[in-house]
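Chemist: The structure is given below, and queries will be raised subsequently.
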Amino acid sequence: MGGSLRVAVLGAPGVGKTAIIRQFLFGDYPERHRPTDGPRLYRPAVLLDGAVYDLSIRDGDVAGPGSSPGGPEEWPDAKDWSLQDTDAFVLVYDICSPDSFDYVKALRQRIAETRPAGAPEAPILVVGNKRDRQRLRFGPRRALAALVRRGWRCGYLECSAKYNWHVLRLFRELLRCALVRARPAHPALRLQGALHPARCSLM
């Protein structure tokens with residue numbers, strides 16, 4: 001048994017958080033968007049590099065019901081959405097929505113501010129969803145990726161939950177990096193591009 005990992009999938013409403021999780025776990029895609037009614041917790045077992053890990057994947061909007069993704073001052077206390085005890089984060093935005101990218105930017109800052117002193121740094125993967133709508137994107141991929149990787153020091157990846165493109169890859173990269181962070185004796189690996197040889201599958 002490999003152990004357990006706690007993952008939070010966060011982002012503005014409507015960016016496709018639940019769709020990404022459902023593609024990863026069940027291989028399906030909801031054609032009609034239905035707002036997530038409160039936080040949901042999924043507990044799959046995953047085989048990664050020959051070891052089995054129990055995952056806790058938290059899905060839910062950070063902002064409370066009826067609120068807008070305007071800024072962190074509108075969000076609940078960090079303890080209410082488990083920022084402090086999460087091992088890894090997926091921050092999802094819509095590549096066609098600059099507001100959702102600003103939301104992720106503020107959310108990343110909120111995560112950094114609420115981590116307890118001395119706690120290990122949790123890896124963050126910023127994910128641009130809806131790559132199938134590439135022609136409508138608000139900014140070039142290379143510029144956004146450079147900002148996230150160099151400026152924010154986070155991983156960056158784009159996916160399409162609708163067509164299940166890069167969905168498995170994003171979880172594989174996030175989980176492997178979380179395991180490396182949990183074992184400081186191992187050589188440091190960069191989040192982006194470190195996991196192409198790794199094997200990851202659901203049990």
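Note that Cβ sites are derived from N, Cα and C of the backbone, with glycine treated the same way.
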Chemist: So which range, 33-42, 73-82, 113-122, gets flagged motif 'Effector region' in Swiss-Prot?
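Modeler: Checking Swiss-Prot against the ranges 33-42, 73-82, 113-122, the motif 'Effector region' one is 33-42.
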Chemist: When the pLDDT values for the motif 'Effector region' (33-42) are averaged, what is the result?
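Modeler: Averaged over the motif 'Effector region' (33-42), the predicted model reaches a pLDDT of 80.
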